[in-house]
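Working notes, structure below.
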Amino acid sequence: MKDLLNLLKNQGQVEEFDAIRIGLASPEMIRSWSFGEVKKPETINYRTFKPERDGLFCAKIFGPVKDYECLCGKYKRLKHRGVICEKCGVEVALAKVRRERMAHIELASPVAHIWFLKSLPSRIGLLMDMTLRDIERVLYFESYVVIDPGMTTLEKGQLLNDEQYFEALEEFGDDFDARMGAEAVRELLHAIDLEHEIGRLREEIPQTNSETKIKKLSKRLKLMEAFQGSGNLPEWMVLTVLPVLPPDLRPLVPLDGGRFATSDLNDLYRRVINRNNRLKRLLDLSAPDIIVRNEKRMLQEAVDALLDNGRRGRAITGSNKRPLKSLADMIKGKQGRFRQNLLGKRVDYSGRSVITVGPTLRLHQCGLPKKMALELFKPFIFGKLEMRGLATTIKAAKKMVERELPEVWDVLAEVIREHPVLLNRAPTLHRLGIQAFEPVLIEGKAIQLHPLVCAAYNADFDGDQMAVHVPLTLEAQLEARALMMSTNNILSPANGEPIIVPSQDVVLGLYYMTREAINAKGEGRVFADLQEVDRVFRAGEAALHAKVKVRIHETVNDRDGGSVKNTRIVDTTVGRALLFQVVPAGLSYDVVNQPMKKKAISKLINQCYRVVGLKETVIFADQLMYTGFAYSTISGVSIGVNDFVIPDEKARIIDAATEEVKEIESQYASGLVTQGEKYNKVIDLWSKANDEVSKAMMSNLSKERVIDRHGVEVDQESFNSMYMMADSGARGSAAQIRQLAGMRGLMAKPDGSIIETPITANFREGLSVLQYFISTHGARKGLADTALKTANSGYLTRRLVDVAQDLVVTEVDCGTEHGLLMTPHIEGGDVVEPLGERVLGRVIARDVFKPGTEDVIVPAGTLVDEKWVEFIELNSIDEVIVRSPISCETRYGICAKCYGRDLARGHQVNIGEAVGVIAAQSIGEPGTQLTMRTFHIGGAASRTSAADSVQVKNGGTVRLHNLKHVERVDGHLVAVSRSGELAIADDFGRERERYKLPYGAVISVKEGDKVDAGSIVAKWDPHTHPIVTEMKGTVTYVGMEEGITIKRQTDELTGMTNIEVLDAKDRPAAGKDIRPAVKMVGLDGKDLLLPGTDVPAQYFLPANALVGVADGAQIAIGDVIARIPQETSKTRDITGGLPRVADLFEARRPKEASILAEVSGTIAFGKETKGKRRLVITPNDGSDPYEELIPKWRHLNVFEGEQVNRGEVISDGPSDPHDILRLLGVSALAKYIVNEIQDVYRLQGVKINDKHIETILRQMLRKVEIAESGDSSFIKGDQMELTHVLVENERLSTEDKFVSKFTRVLLGITKASLSTESFISAASFQETTRVLTEAAVTGKRDYLRGLKENVVVGRLIPAGTGLAYHSERKRRREMDKPTRVSASEVEAALTEALNSSGN
C-alpha cells in the first residue's frame, strides 16, 4: 500500500528548473526518446478497433489503451503493474503513457529538415555558403554536388548537372566524389571544420572593405559560433531518424457508422512510412537509379509536409481539399499550441450571464443569481452539509443539493459570506476588466452590477454578458480581497484619476440638486444648520433650488494631516446644503457650493481620496450615487420634441449664406476663381453659417426669462431638459444638440472629402430624401471604421503587451543620477500641460534650486505629490530633471524610484508591480476611442494664413531662450538663429506661453521687458526667407553678371528694380559654374570676417533670390541683403489617430523625413550634380568635413556660411525618430515620442501618464549596435542587448582591457518583441517558425525572466505575489545547496576523518 501511495505521489513530478534550453536533436537522442520503431503505416484494426502491431498506434511501443490492462487481456489490474505481457508484448501501465511515449522511424535515406532549409535566412545555406536555390537543386535531385574533388580541377561544393557529371566521370573517372540528395548535403555539413572556419572568418572580416561582404561574413561567423557554443552539430540539420509523436496527441476516434475522425498528422506520418518502406524495398532490390532517386525525392517531400506543410511547393490536401495541418501549424497562430492552450486556458468554477443594474448594491458587492451560486459553490456546500451532519456522505449531500432543500440555501448563504468572486467582462482591455466583489444572493437569472464600476468595465446594460469566477484557495481569496476588490481600484492605472466616477443619471441628479433658480420658494431664508435645511425642505417650505444662507460647521483637513474646525455662514442653495450632508468630514463646503457638473464631481472624488483616504471615499461614492439617483428621479427630466428650440435667426442666416454661395458660383462661371478656390470658399461659408446657427441656438437654449423677487424680469440659466443633460455632462453635447435643433451642417464622403451642399435641416424639422441620402454616406463610413478600429486597436495592444511583458519593478533604487528634463508642454503658444502636472508622481533626479539662487528647495530623491506640485508652481520653476524608466539602470526590470508613484494606489510603486503590462494596457485600452482616419487638410484648414507675427495672449515679462540675434540701429533685435524662442512669464515667474521665432524675425522687445496682453512683439514675412547681415560695411557683388547669373526686374506697381539670381539651368553655358555672392568690405577695402570666425563675410545667393541692395551700398547691422521666396509648403495629410500611434511605436521612418545636420559647423555648398545639391558642413574643431547630397526639390532652411548645431533642421519635413536618437540622444527622442503620442490622445480627450509611454520606449531602446569591438568578442555592427554589453564592458574594464563602444538603436515594438532574450516569449508572439529555428540552432537558453515564459511553462509569474514566491524558492535552494553532497565527497571526508583520528 505504501508503494502505491509513493507511486501516485511521484507521478510525473519534474525537478525544479531555472532555464529551458532548446537545441537540435541528434539521431542518438531521438532514438533514446523512442520506445520502438514504427514499421507499418497501419493505425487500428477496423473490426476490433485494436491498434495494429508495429503501426502508428502500436500498443507494444506506446503503451496500453486501457489503464493497467494489456492488449490481449492476459494481465489486468494494478497488481501486474510493470509486467510485460509475453503474448502481446504490451507493458501493463497507465493509459496516459500514450501521451508521453514517443517512437521513431529509421529513414532509408537522410532528409533535410525544412525549417533549417527554407526558414529565412536558410541556416543550411549560410553554413555551406551556397544559395538556397542551389541547395534545393541538390536536395530534390536536379544536380550533383562535388563533395570531394580529389586531385581534379573540380571544386568542393560545385554543382554539376547530369551532362557535366557524366563528362567529369569520363574525364576523371573515380578520382572525385559527387552525389545528390540530402546525403550529399549531410556529407558537406559533416565536413565543415567549425573551429578552422571561425578562425578564417575572424581574420577575413577586418581585411574586407565592402559593407555587404562584411555583413554576409559576420552572419556566417555568428552562425558558426552559435553552433560551436551550443554543442549542436551541423549535420543534425539533416534527419536520419524521424521522431513520432505520442498517439494520444494525434488521436484517431471511431465515429458512428464505421467512420473515423483523425488528426491530420496520422495521414502525414502514413505517407512518410509508406514512402520509406517502398524506398527500403527498392534499395534491397537495387532498382535503377532513376526510380530510387524519385522515391528519395518523394520521401523528402513527405517529411517536409509532415514538418511544415505548404512551406515548399503546394500544400498536401486531405480528402476534402483542405490543406493538412502539419506539426508547424500545430504550434503557430492564434489556434496554435502557444496562444490557444498555453497562454489562454478555459477555467473551471466559472459561469456567465447577462448583467443588469444593481442601484441598491454597495460598491464592493455584486448580485449573484441563486441558481448560479449553487452550481459554482457546490463542493463547498457538500463539505459544509457533511460537516454539519445534515448529510452523511457526499452522495447524500449531492442529492440534497439537487432537490434544493431549504437547508441547502442556508448553507449556501453561509458559504458565500465573505467569499469574494471575480467578475470579468470581455474584452478585458486593462486590469480593471476583472475585479472582485462579495456576492449577494438574488432571485432571477441575471448578474447585478454596481453602476459605478461600469466605467471600468466599459459595460452597459443593453444585453452585455459577464463571467463569474470563484477563487478557490485561501491565498486566491486573500489576493482577490486585498488587491482586486472593486473598492481597492478607485483610481485608474492609466492616469491616476478616479475611475469610480458617477455618470449619466447620477450626474444629472447631482447637477439638478445643486443648480440655483431665481425666486424659488424660500429664497432669502437663513438657516441655523444643515438639519434645519433638511427639515424645511422635507416639509415643503423651501424649494430645492432656492438661494439661502446657511450656517455650517466644517472640518477641513490640511495637507500635513492636521484639521481645522470652523463655522461660517455661506450663500448657497438648499440642494447644495443637502448634498453636503453626505460629504465626509475633512472637506470644505466650497467643494459642493457650485453646480456639480461631471468634471466637478470627478475632482471632488479625487480630492476626497487624497485628503481623507480610501475607506471614506468608497462610502462617499456610494452615498453620491444613491443621492444622485434619488434626485434625478425627483427632477423628472425628460425630453419632448418641444425642448428642441429652433432659433428664429436660422432662416435669415441660411438665406444670407445661400446668396453668397450664388455670388461665388457666378464668379466661378465667369472664370474669376478656380474650382479649388470656389470649393474652399463655399465650405468656409457654410462652416461659418453653421457656427452662427449653433451659437444662436445655444444662447436661446441656455437662458430663460424669469421674474425675480422684486418683480423685475431677468435672465437665468435655463432648466431645459436637453440643455441640462448636455451642460452637466450627463449625456450629449453641444454638437449633438446642434444637429437636433440647429442644422446638421456639412457632410463628408467616405473618402474624407466634404460635400459642398450642407444639410440645412435639423432632426426636428426632418430631412428630405436627398439630405437623408447624403447623411447615410458618413454614417456607414462610421460603422465600417468602428469595426476596423477594434481589430487594429486590439492588435496594437497585443504588440505593446508583448514588448513590455517582462518589465517588472525589481528593486527600490538603481542609484542613477540621470533622468529626463521636464518642461511645461506647449502647443501653439499655449501651455497645454503645466510642469506641475507632468512631474506629479515622479522622483526628482537632481536638486532643484530656487530660481536665481543657490538654495535647494526640492532635494533629489523627493517623490513629488500634490503638496510638492503646489510648491513647485509657487516658486515659478520652469524645468526639473526627473527620474524616468528610460534612464533607469536596473539590469532586469526597473527600479521603484525611476518609476515613481503607482498611479492606481497613490504611493511609491511596490516591488513586483508589472509596470510593463500596465503601461501597455493603459496605452492600448483607449485605442478604440482614437480615430482611424487620416486628416486631409482641406477647406478651412489649408487656407489658414501663414503666421507672420507673435501676439501675446497674457501680459507679463519677456524671456528669450536660445536666441542668437543682432541689434539694428533702431534698437529692434533681428533673430539670426532658427531654434530661438520667446516666452512670456507671469508675475510669479511661471511661463504662460512660448513661441518659436524664425530666422529674420524682427523683435520689438528685449529680455525682461514688460508687455501687455494682445501686444505684437515680433514680426516677419512668412513668404520669403531673408539673409541678414551681422555687421556693417560696404556691399560688393561677386560673380553677378547681368544676363549670365542675374536678371534685373522692375516691379510694375512700385517701379523699384530688383535683381533676381537665375537658376543654374536657365543660365548660358558661361554662367553654369559661377556662384553669385554678396561680399562685405570694410572702409579700408579689405574683406570683413564673420564675427567670431576667420571666414570672410560673403553670402552666396541661391537660385531665385531677390537682391535688394545695390553694389557699393553702405549697410548697417541687421539689414536684409537678399530675400529667398518660399513656395508655400505643400499641404501634407496628417496621419492621425490610431495609425499615427502605431507608426510611432513601430519607429517607422516617415516619407520625405526632415534632414538634420549630422555635425556642428559651418554650412557650404559644393559642386552640384544632376538633380542634387551637395551640402558640406565643415566642423569648427577642424575635423573632416561632412558631405551629403540633397535632392533639389527639397527646400533648405540654411544658407552658405551659416553656423548649425548637430541635430538642427536643415530641411523641413516629418521627424525621423532614428535621426533624433542618433544626433540628439535618448532624452530628445523620449521628449519627441512622448509629446507626439500625447498629442494624438489629447485630441480625443484621453489622459495617459507620460511614464507609460516612457516604459514602452525603454523596451524599444533595449538594443545597441557595436561601433568598436575593443577587446570583447562582439563584432562591429552586431546588435546586442544593452545589459549584455554593459556586463561585458564591466568585466573588461576590471581586467584593464579595451571596452567596446556602442550606439543606441531604436527598434519598433514588433521587432523588439521578436528580438527579446526569451525565445518562448518571442515564439508565442509572431513568426513562431523563424524564432524557434533560430533558437534551436544557437542552442538558446530561456531563463524564464518574463511573465509570458512562466505562464507557458505553467508557473506563477515573477510579478506581484509571484515575485515573492520565486525569490523565496531561490533562497531555499541556496540554503539546501550545502546539504546535497555527492557520495565521493562523503567517502573522501570519511577517509580524512579516519586518517586524522588514526594519528
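The backbone N, Cα and C atoms fix where each Cβ goes, and this holds for glycine too.
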Residue in Cys608, Cys814 which Swiss-Prot records at the Zn(2+) 2 site where Cys888, Cys895, Cys898 also bind: Cys814
Residue among the binding-site residues Cys814, Cys898 whose Cβ has the most other Cβ atoms within 10 Å: Cys898
Cβ-centroid neighbours of Zn(2+) 1 site Cys70, Cys72, Cys85, Cys88, 8 Å, sequence order: Ala59, Leu71, Gly73, Lys74, Tyr75, Lys87, Gly89, Val90
From binding-site residues Asp462, Asp464, Cys814, Cys895, the one whose Cα lies nearest Cys85 (Zn(2+) 1 binding site): Asp464
Listed in sequence order, residues not in Cys814, Cys888, Cys895, Cys898 with Cβ within 8 Å of the centre of the Zn(2+) 2 site Cβ atoms: Glu811, Asp813, Thr816, Arg883, Pro885, Ser887, Glu889, Thr890, Ile894, Ala896, Lys897, Tyr899
Pairwise Cα distance for Cys888 (Zn(2+) 2 binding site)/Asp460 (Mg(2+) binding site) [Å, integer]: 41
Spatial neighbours, same chain, of Cys88 (Zn(2+) 1 binding site) - Cβ under 8 Å, 6+ residues apart: Ala59, Lys60, Cys70, Leu71, Cys72, Lys74
Cys898 (Zn(2+) 2 binding site) versus Asp462 (Mg(2+) binding site) - Cα distance in angstrom: 43
Asp464 (Mg(2+) binding site) to Cys895 (Zn(2+) 2 binding site) - Cα separation in whole Å: 40
